[in-house]
There are 4 protein chains.
Amino acid sequence: MKKEYCGLFGIYGHEEAARMTYFGLYALQHRGQESAGIVTWDGEKLREQRGMGLVADVFEEQHLGHQLKGDVAIGHIRYSTTGASLIRNAQPFMVRYKGMHMAVAHNGNLVNTMEMRRELESTGSLFQTTMDSEIIMHLIAKYLNGSTIEDAVAKACREIKGAFSLLLQIDNKLIAIRDPWGFRPLALGRVGTSYVLASETCAFDLLEAEYMRCVRPGEMLVVEEGGLHSIQYAEPAMSASCAFELIYFARPDSIVFDEEVYAARKRMGAILAREAPVKADYVMPFPDSGMYAAVGYSQESGLPYENAMIRNHYVGRTFIQPTQGMRDFAARVKLNPVKSMIKGKKIVIVEDSIVRGTTIKTRVKSLREMGAKEIHMRVSCPPIKHPCYYGIDFSSKGELIAANHAIFDIAKFIGLDSLHYLSIDGLKQALGRNDGYCLACFDGAYPVLPGQGCGKMCLECTDE
Amino acid sequence: MKKEYCGLFGIYGHEEAARMTYFGLYALQHRGQESAGIVTWDGEKLREQRGMGLVADVFEEQHLGHQLKGDVAIGHIRYSTTGASLIRNAQPFMVRYKGMHMAVAHNGNLVNTMEMRRELESTGSLFQTTMDSEIIMHLIAKYLNGSTIEDAVAKACREIKGAFSLLLQIDNKLIAIRDPWGFRPLALGRVGTSYVLASETCAFDLLEAEYMRCVRPGEMLVVEEGGLHSIQYAEPAMSASCAFELIYFARPDSIVFDEEVYAARKRMGAILAREAPVKADYVMPFPDSGMYAAVGYSQESGLPYENAMIRNHYVGRTFIQPTQGMRDFAARVKLNPVKSMIKGKKIVIVEDSIVRGTTIKTRVKSLREMGAKEIHMRVSCPPIKHPCYYGIDFSSKGELIAANHAIFDIAKFIGLDSLHYLSIDGLKQALGRNDGYCLACFDGAYPVLPGQGCGKMCLECTDE
Amino acid sequence: MKKEYCGLFGIYGHEEAARMTYFGLYALQHRGQESAGIVTWDGEKLREQRGMGLVADVFEEQHLGHQLKGDVAIGHIRYSTTGASLIRNAQPFMVRYKGMHMAVAHNGNLVNTMEMRRELESTGSLFQTTMDSEIIMHLIAKYLNGSTIEDAVAKACREIKGAFSLLLQIDNKLIAIRDPWGFRPLALGRVGTSYVLASETCAFDLLEAEYMRCVRPGEMLVVEEGGLHSIQYAEPAMSASCAFELIYFARPDSIVFDEEVYAARKRMGAILAREAPVKADYVMPFPDSGMYAAVGYSQESGLPYENAMIRNHYVGRTFIQPTQGMRDFAARVKLNPVKSMIKGKKIVIVEDSIVRGTTIKTRVKSLREMGAKEIHMRVSCPPIKHPCYYGIDFSSKGELIAANHAIFDIAKFIGLDSLHYLSIDGLKQALGRNDGYCLACFDGAYPVLPGQGCGKMCLECTDE
Amino acid sequence: MKKEYCGLFGIYGHEEAARMTYFGLYALQHRGQESAGIVTWDGEKLREQRGMGLVADVFEEQHLGHQLKGDVAIGHIRYSTTGASLIRNAQPFMVRYKGMHMAVAHNGNLVNTMEMRRELESTGSLFQTTMDSEIIMHLIAKYLNGSTIEDAVAKACREIKGAFSLLLQIDNKLIAIRDPWGFRPLALGRVGTSYVLASETCAFDLLEAEYMRCVRPGEMLVVEEGGLHSIQYAEPAMSASCAFELIYFARPDSIVFDEEVYAARKRMGAILAREAPVKADYVMPFPDSGMYAAVGYSQESGLPYENAMIRNHYVGRTFIQPTQGMRDFAARVKLNPVKSMIKGKKIVIVEDSIVRGTTIKTRVKSLREMGAKEIHMRVSCPPIKHPCYYGIDFSSKGELIAANHAIFDIAKFIGLDSLHYLSIDGLKQALGRNDGYCLACFDGAYPVLPGQGCGKMCLECTDE
């Protein structure tokens with residue numbers, strides 16, 4: 001199954017549009033580290049710079065100061081779970097059609113890709129990539145004959161199914177879209193006289209932009225000379241915002257879906273403390289993932305909070321192979337426990353999720369060897385039992401430990417004295433709204449099902 | 001004034017000596033990010049690899065697996081405050097003399113460099129670098145005529161004054177030395193049948209080595225075939241271990257000078273809470289520096305602990321110039337406050353030190369703009385008023401804010417509602433031993449004074 | 001006007017197809033140094049590696065040994081005269097269409113691009129690049145509905161006008177095509193049981209392949225399991241092979257259009273000696289361009305041949321700006337005359353072409369300053385007066401010195417005692433066949449005229 | 001045996017001294033491609049930039065425009081035959097001694113290194129490298145006590161034996177020295193009001209400097225404020241200029257030892273034609289090595305000259321491993337014969353030397369396979385039978401084919417119809433002076449013998 005994480009940023013009417021987009025993407029870097037791209041409109045045509053790697057690696061001063069001219073820009077960062085990382089799949093994706101210049105940046109995953117593609121091929125469309133974005137562009141082009149841009153985009157967006165937050169640049173128009181379910185976030189803001197759009201508000205903070213509101217499910221915002229107008233291109237479906245953005249994926253200083261991430265994570269920890277209290281010496285996270293829920297757990301339970309696992313801040317992605325016999329090296333090099341804090345202690349560890357459990361098992365074993373008396377784990381979300389079709393990468397169902405094993409067995413596998421997951425009700429309570437979230441990875445209730453062809457399509461896609 | 005931070009690692013009698021040293025340096029990377037080097041003894045001669053940059057950049061598999069043969073190795077990482085970073089100044093420093101192969105790795109700063117150098121030049125020594133290490137090597141060579149290696153090294157070490165933790169490799173001997181004051185740390189450990197030496201014990205943890213003890217002030221440890229023996233080459237002076245290693249410089253999971261760093265920092269925070277309590281909504285650190293003292297402050301004061309400043313984990317050393325008008329960008333890009341945690345709140349910030357105060361001022365201003373009601377700062381060490389001659393880089397006295405300004409004025413400059421520093425007595429109490437630490441940067445009581453020529457020498461040095 | 005130089009290589013049925021293609025492109029590197037690419041068919045899908053730079057820079061062992069699996073491959077190298085060099089324009093160009101995987105490598109320039117593109121857009125085609133290759137692919141896809149691959153390709157090739165030597169890979173078929181005029185070369189060879197195709201036979205020499213014959217104008221060769229078959233997809237037009245391949249562009253050890261390049265160049269020099277003899281001390285080339293015609297001139301005239309201009313073999317593409325006042329540096333750094341061979345001498349210089357004349361003027365001035373008594377230049381082709389629409393890059397007509405100036409004036413501008421160009425008749429005689437060559441750049445007789453829209457199209461293209 | 005090739009360049013009194021030195025080294029690049037370095041005197045201290053690789057790789061604009069300030073500079077390029085290439089061995093070599101700043105650049109090889117080093121170590125000198133240059137510096141420092149700089153340098157140069165052309169920079173003085181035998185070249189020139197020094201005059205040509213004369217054997221030229229003065233620091237020994245500079249090593253557009261290289265090579269070819277005529281269709285070189293002697297042979301013999309071996313100008317140092325079964329690939333990829341020029345032809349090949357003969361054997365085999373009727377080789381120097389102790393790298397004696405085999409056997413091994421070497425008398429005649437050259441590699445008559453210790457020293461050296 002092909003999955004992508006992505007971050008989007010767009011700006012309209014700023015003389016340093018490319019530079020602002022660069023910093024917007026910089027703030028969103030946690031949403032994708034594989035490729036980055038910026039497209040600007042210079043008044044006559046689109047200009048682009050895309051590349052593999054981090055934002056800081058892909059762009060140089062000459063790109064921002066010289067090449068990417070124009071006061072409108074959209075940017076994209078991407079992480080793909082498919083084996084090969086290809087520059088041709090870096091976004092924004094650009095085409096020309098009948099003198100128009102069009103670019104798209106897409107966050108999310110469509111579920112009717114295969115049907116769409118077959119249909120388009122039957123009328124002569126030729127595909128150069130396996131990206132959903134290319135399908136969207138072909139659809140828009142198809143509907144552009146005799147339609148306004150807005151109508152063509154609306155028609156195209158009504159045909160595709162699944163998760164899509166989009167930024168489109170069509171000549172000098174900047175268009176922002178969220179799918180009718182509202183799976184992926186997209187926020188609108190303002191800096192000076194310019195409008196900005198971003199996956200998360202932490203990008204606004206860096207640019208000293210003011211957060212206005214979310215783009216709404218089924219809404220299309222068109223920014224052009226003369227201002228901004230909103231078109232409800234489709235009825236909002238039952239709201240299905242991705243709970244995992246709040247649990248794990250978004251930055252804790254962001255607002256997504258109009259919810260404060262930091263506060264939501266503390267609530268998850270607090271509710272977890274009520275659902276599964278434990279007598280222990282202290283609470284700690286494995287940094288950075290559980291840091292905010294752990295604070296919530298500590299405050300609700302009254303147990304002291306400790307930072308007793310120390311990060312090596314210089315661990316990069318690669319290092320040389322360790323000496324034979326150095327066990328569990330990759331785990332240990334990143335986090336080292338403070339020995340004196342472990343020996344003889346009863347410890348509660350708050351984590352934000354367990355996917356396969358193998359790294360956690362290694363860390364727990366290491367704590368045991370240092371003499372921990374009791375180790376209890378509290379997880380700030382329910383067990384993940386089902387794959388996500390909308391753009392979050394859990395390994396395939398076979399690898400999700402909670403899909404196949406009872407909690408008791410997981411605790412045993414990891415070597416814990418006790419293990420508790422936040423309940424689905426607890427999560428709903430923490431999320432702040434009782435309805436409106438997609439919890440399919442926990443409960444299997446998919447808001448929109450993938451098309452029949454999807455399985456086959458995905459096989460084809462992943463072979464890239 | 002020339003200053004260097006450094007980290008040392010050595011190992012004797014391990015078939016993967018270079019690889020172990022690589023990982024030892026990896027764990028010590030926080031002690032110096034400018035250059036790294038490893039020297040091994042292959043049974044006939046020394047082999048070296050040195051380079052500019054992080055450990056992960058300098059070494060490749062071919063170095064560890066092929067080039068750096070031998071079962072004895074010493075390694076060095078370095079950060080220099082002098083303007084230019086030169087590969088020729090990367091250590092370990094190697095020479096040949098009468099068929100002997102010698103290398104030295106040095107942590108600390110000598111204070112009689114200039115006298116030593118003049119004296120050596122008057123008898124014909126030629127200098128290629130401005131490093132203290134070259135002086136040490138010339139001295140050892142001078143005394144080697146007719147002496148044993150141990151005697152020559154001892155004589156040399158009795159002539160030099162100041163801070164020196166040394167690892168020497170002379171043919172197949174590995175020699176570890178601390179100066180008579182014990183300024184800089186150096187720890188002895190064991191892994192399997194091999195002895196290891198490191199500036200901090202976090203290097204032992206990564207290698208699953210067992211910590212044995214500190215090398216003592218005035219002690220020389222000689223590791224060679226047949227084992228380890230200790231020589232007290234000089235009377236220990238009044239113990240003057242660097243307090244700043246515990247306050248700030250060492251990793252919190254390390255033991256230095258036989259003290260647990262994590263526990264000491266928590267004690268600093270706790271004593272600070274007693275010395276300067278405040279009514280507030282919560283305590284938070286500016287990560288990562290104040291994270292451990294803040295936990296101590298929180299636990300002692302009963303105020304909740306929060307992680308309300310969020311790090312961007314993708315901030316590298318360089319980024320492209322921000323848009324004009326983006327104020328305080330460099331500070332904001334690294335840490336972003338969680339807005340909802342700031343508005344209307346009374347906040348205690350625990351920091352481990354204030355040097356110039358400008359970055360902190362920026363952060364505080366930003367918190368004010370977000371609506372913080374009160375901002376109190378508690379610093380987990382006394383005001384730094386005096387320069388360090390032994391190897392910790394405070395900017396020259398003119399730039400130490402506490403050297404020239406009253407605490408009240410500093411608070412005003414930064415924009416704080418209140419500011420308290422840990423008292424010298426409080427620090428002594430937290431350090432766990434009432435005597436035995438160099439506190440010269442706080443109280444000006446220098447254990448050993450720099451020689452007359454030092455000022456001149458330093459001018460010469462810094463022109464490199 | 002957009003111009004491209006290119007080189008093509010293809011191989012069918014070789015277990016190291018990618019590696020053979022790598023070396024084939026390596027031998028053709030003089031045909032394009034800007035980008036390189038290889039596509040292989042692994043039995044299920046196409047695999048590609050493309051990049052900017054020389055063949056040696058673009059490919060690494062992992063590409064050849066691992067990634068580019070399969071026993072069929074096509075490769076492409078390219079030099080474009082458009083300002084920007086874009087990775088997206090690197091070939092081979094790949095698409096998928098209805099489950100088929102297709103790639104094309106193209107050498108030459110179409111003259112009806114604009115009409116084709118407009119027509120295709122009107123039926124819904126979307127373009128991502130400005131390359132002729134994308135148009136060819138859209139045409140093939142259009143005709144694939146209900147046709148065999150061979151028929152679709154033939155139909156597409158009958159619609160496009162201009163210069164095109166093509167290598168197509170459609171699933172497991174390798175198809176080689178030359179346009180009906182035969183503008184650009186394409187040769188067929190054999191190595192072991194594999195067929196190979198290359199722009200020039202020097203690629204065959206390196207691979208120890210045997211040259212069989214040229215692909216004929218209007219011919220399509222299909223290589224697939226079971227062997228090779230030839231289809232005459234269009235009537236050959238009046239043969240219009242590019243004379244400039246023999247004069248300048250092809251390597252002297254190649255055979256193109258069934259002619260030996262080395263022998264042809266010597267004949268040009270020899271005929272030039274008969275057309276424009278001169279009393280002089282010796283003949284020399286400016287290496288390497290005139291080296292072969294100069295030998296012909298020397299042998300026919302009886303004047304000694306000298307290598308009196310010395311190349312600096314270490315001159316790369318970039319060097320640091322010279323000191324102010326170092327005149328004509330870029331010219332001098334590449335070639336330095338042997339002073340003693342110049343002073344007081346009457347010299348004949350044989351060159352293969354004069355485009356703008358400025359570098360030659362610099363060299364001649366330098367020879368004068370060293371005391372040359374007489375300097376005569378003989379050019380081994382007629383004056384270039386007209387632009388090429390088929391893929392050779394002369395600067396636009398305004399910059400072609402011979403388009404705007406009499407030979408006498410050119411001689412004066414350069415500072416020559418005499419200047420003679422080979423006559424058109426002399427060139428025809430040297431080419432070995434009196435008809436069958438495109439001499440449009442000399443005589444303006446274009447075999448196929450560019451479409452009306454071409455000028456506009458080109459403007460659009462060059463803005464990339 | 002340690003061998004080095006090197007090139008030297010120096011300039012005094014030029015405001016762009018570093019930039020001029022950069023281009024001087026650029027012109028001398030053929031003398032060493034392994035490392036490059038420039039040292040300038042900025043009025044107070046020396047500044048340096050050294051690195052591994054070509055001149056164009058080591059220096060950037062910032063070095064020349066900013067870092068390497070000053071109007072005096074010396075530069076060095078180096079190729080070493082020892083296995084490892086170490087940055088620490090890159091020159092110029094710098095030291096400080098009693099407030100003086102000294103740098104040296106050295107071309108040649110000393111023969112009493114070991115004795116000198118032992119003697120210096122016995123009085124306390126410490127060595128960091130294995131370079132002769134470090135010994136020279138220690139000697140100068142030793143004699144500086146109570147002497148003028150000129151006297152100290154003179155004394156040092158009278159103690160060392162062997163080949164040394166030196167450029168020294170001692171504070172603001174630039175000193176140029178040749179050994180009493182005059183082994184290696186060093187030329188003096190002038191550009192504007194500045195003096196320049198270079199290994200070969202081709203560096204002067206590029207800088208538009210005027211050649212004045214050679215530095216004489218045993219001469220020391222001191223350039224300082226107020227001008228140039230010459231000191232004959234030692235009696236010239238029997239002149240022993242290296243014949244191989246003229247035969248092979250120097251660029252053909254240079255003057256070395258006051259002889260024109262191009263003319264000398266043509267004379268070698270002409271005398272060879274008289275000594276060993278042959279009935280053949282034509283003469284050709286294997287470019288570029290034999291190109292100038294081949295012209296001489298052609299003109300004297302009346303046989304036509306051909307350029308029938310074509311160089312691939314894009315062959316870099318590395319390429320990917322060829323397909324198994326591609327024989328002699330490394331040889332073929334560099335030079336490809338023009339097939340039609342080979343078949344049925346009687347060919348004379350003029351080469352400038354045969355060292356091991358294996359590449360030549362490969363080329364000859366290839367010509368045979370293409371149908372060459374007869375292949376005769378003429379070598380423009382006598383058989384190389386003895387190693388060089390003065391800085392030219394022939395492989396050790398065991399690998400010199402002519403040291404161990406009769407000419408008849410070499411011809412057979414290579415596959416030639418005939419083989420003739422230039423006679424020693426013929427060479428002397430071609431060199432233009434009957435005496436004054438070192439011909440030790442041909443006749444074993446060494447002008448100065450290596451010291452006893454040299455063998456041992458060399459073992460030690462080569463182990464780096």
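Just so you know, glycine gets a Cβ as well, placed from its N, Cα and C.
Record note: TrEMBL gives A:C242, A:C438, A:C441 as [4Fe-4S] cluster-binding, and the candidate from A:C202, A:C214, A:C388 in that site is A:C388.
What surrounds the [4Fe-4S] cluster site, by Cβ distance within 8 Å of the Cβ centroid and not counting A:C242, A:C388, A:C438, A:C441, is the set A:F183, A:A243, A:F244, A:Y390, A:I392, A:L439, A:A440 from the same chain. In sequence order, A:R31, A:G32, A:H76, A:I77, A:R78, A:Y79, A:Q91, A:A105, A:H106, A:N107, A:G108, A:S199, A:G391 make up the list of same-chain residues 6 or more apart from A:C6 (active site, nucleophile) whose Cβ falls under 8 Å from its Cβ. Neighbour count (other Cβ atoms within 10 Å of the Cβ, all protein chains): 27 for A:C441 ([4Fe-4S] cluster binding site). DSSP assigns A:C441 ([4Fe-4S] cluster binding site) to a helical segment in the three-state reduction. In this structure, A:C6 (active site, nucleophile) is part of a beta strand by DSSP.
Cβ neighbours of A:C438 ([4Fe-4S] cluster binding site) (same chain, under 8 Å, six or more residues apart in sequence): A:W181, A:F183, A:A240, A:S241, A:C242, A:A243, A:Y390, A:P447. Of all Cβ atoms in the protein chains displayed, 27 besides its own lie within 10 Å of the Cβ of A:C242 ([4Fe-4S] cluster binding site).
DSSP classifies A:C242 ([4Fe-4S] cluster binding site) as strand under the three-state reduction. Within 10 Å of the C-beta atom of A:C388 ([4Fe-4S] cluster binding site) sit 20 other C-beta atoms, taking all shown protein chains into account.
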